[in-house]
Amino acid sequence: MKMLLFRKFRVLILMVFLIACSMHILIDLLPKLERRSNIGCSCSHTPSEDPQNWAKHRGRSGVESGWPNKHTLRILQDFSNEPNSNISSHSLEKIPKAGDKTEGFKRPEHYAQNGDENRRFIQDTVLNKNGPVKGSRLRALFDHPLFKRALPSLTDEDTLFNVNTDIRFDPKGATENQEWHAEGNVEEYSPTGELAVDSYPNWLRFHIGINRYELYSRHNPVIDALLRDLVSQRITSVAMKSGGTQLKLIMTFQNYGQALFKPMKQTREQETPPDFFYFSDFERHNAEIAAFHLDRILDFRRVPPVAGRLLNMTKEIKDVTRDKKLWRTFFISPANNICFYGECSYYCSTEHALCGKPDQIEGSLAAFLPDLALAKRKTWRNPWRRSYNKRKKAEWEVDPDYCEEVKQTPPYDSGTRLLDIMDMTIFDFLMGNMDRHHYETFEKFGNESFIIHLDNGRGFGKHSHDEVSILVPLSQCCRKTTGLRLHIEMHLHMVLSVHCVCIVNRFPVC
């Protein structure tokens, strides 16, 4: 009798469990089925015009207001390591009031542009494509009206740093290094001296120029000067960068600037083996260099300056490092070449050592952004990040309506953030970069700012293959001005490879 009751009880529990699972599945499917019947043109992204109504909409049911489910919010919202950056972008304290400046925030591509002007741009391009081109093709591209649009007037809220003669920058403190060499004229960079902004080192002038719309302006002479510094400044200190899957070195220069060094692991002719997963691919130094110039050609200006450099491994790494863990990994190979491997998650072993010829090694040097203590950044999870799993697929790969969920989730439901993701999608497709798992923004500017294109080392791995899956986000959303720039490239026969050749001729290591 007891055994019979026990069996009935187990059957009852099993039925309740099955009913609960069925209800959860139905609840998840109903909003998607409803959206399929109401979806119009999925390429048009209409940002919310009344952010003040957010609190009202949130009080309604998920289906009625279109508010995404908890699972979607968990996937799409801010994944910053900063404790205070996990606040929703629609925090009630930050809802703009009527007439507030952030409510009318527009990117430069929204200023003084209509359909007639866009058509005129294209017509001018077509008429002149067979005419003589004065100067370089790159200069001709930048002379086009689309590349000459002015930014709105910048206020103190639009600049990352407000330069004040009474409050001076301390280049030493910005690098967080307590030990300094005494070479050079220390007074030249002393924060107590009477220094004009123009006399600051180029890396500091680059930091001062960052604003809400761009990392640097189109024709900023500081950028070329900074690139020259990356190639020529004497290295005074080297340390391994913590975190990350592959070896990277932090290099400090004589003028107290810093850069991230990625050593050469493959020759430029080598392609990623077809059996390699995207998350186990090598990080290429030349991909970082090419990504910076590609970003510049596309007029995004969201990649920090990067330059190639040939280093003497003994004099410029081993002899100046205070990192004992790094120093211990140096050895001489059977071919009498200097080698080292450092410490990291992947490819840091004797079998994957980085060897010079005999002691010369090539690599990329990316200028540092301002220190987090001076300018906090927020880290966001890319809505179209891949699963990073050998067997599983990401949600966007199996759900054709995934973009509709993204459009309803902060911060993609208003402003230009979703359009910035589309720009990044095009950027990654041209590089073949499948490793865009996160992106960053400056915390000071909130959600009304550009996104920073960092960590591009896994691009340009398969020059004979176009990875079309990278363009999946573009099938739902697109930005008009990015399309126009690509249209110009097509009509002027200005293929990106030609521009890259122009750039390579200017820099010895590229």
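All positions are counted from 1 along the displayed chain.
Using N, Cα and C of the backbone, Cβ positions are placed for all residues, glycine too.
Features reported for this protein in TrEMBL:
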{"type": "REGION", "residues": "44-63", "note": "region 'Disordered'"}
{"type": "BINDING", "residues": "Q246, K262, E283, A366, A367, F368, L369, E440, D455", "note": "ATP binding site"}
{"type": "BINDING", "residues": "E283, D455", "note": "Mn(2+) binding site"}
{"type": "DOMAIN", "residues": "330-487", "note": "domain 'FAM20 C-terminal'"}
{"type": "ACT_SITE", "residues": "D435", "note": "active site"}
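On the structure: features taken from TrEMBL.
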| residue | record | DSSP (3 states) |
| --- | --- | --- |
| Q246 | ATP binding site | coil |
| E283 | ATP binding site | coil |
| A367 | ATP binding site | strand |
| D435 | active site | coil |
| D455 | ATP binding site | coil |
Students should find that the Cα atoms of the residue listed as 'active site' and A367 (ATP binding site) sit apart, in Å rounded to an integer, by 21
A correct count of other C-beta atoms within 10 Å of the C-beta of Q246 (ATP binding site) gives 20
List the residues of the same chain that sit at least 6 positions away from L369 (ATP binding site) in sequence and have their Cβ under 8 Å from its Cβ, in sequence order, or write 'none'.
-> H207, I210, P304, A375, R377, I452
Across E283, D435, D455, listed as recorded positions, the smallest other-CB tally within 10 A is for D435
Residues satisfying Cβ distance under 8 Å from A367 (ATP binding site), sequence separation of at least 6 | W203, F206, L226, L230, G257, Q258, A259, P304, P305, V306
Cα-Cα distance, maximum over Q246, K262, E283, A366, A367, F368, L369, E440, D455, record's ATP binders, Å = 20
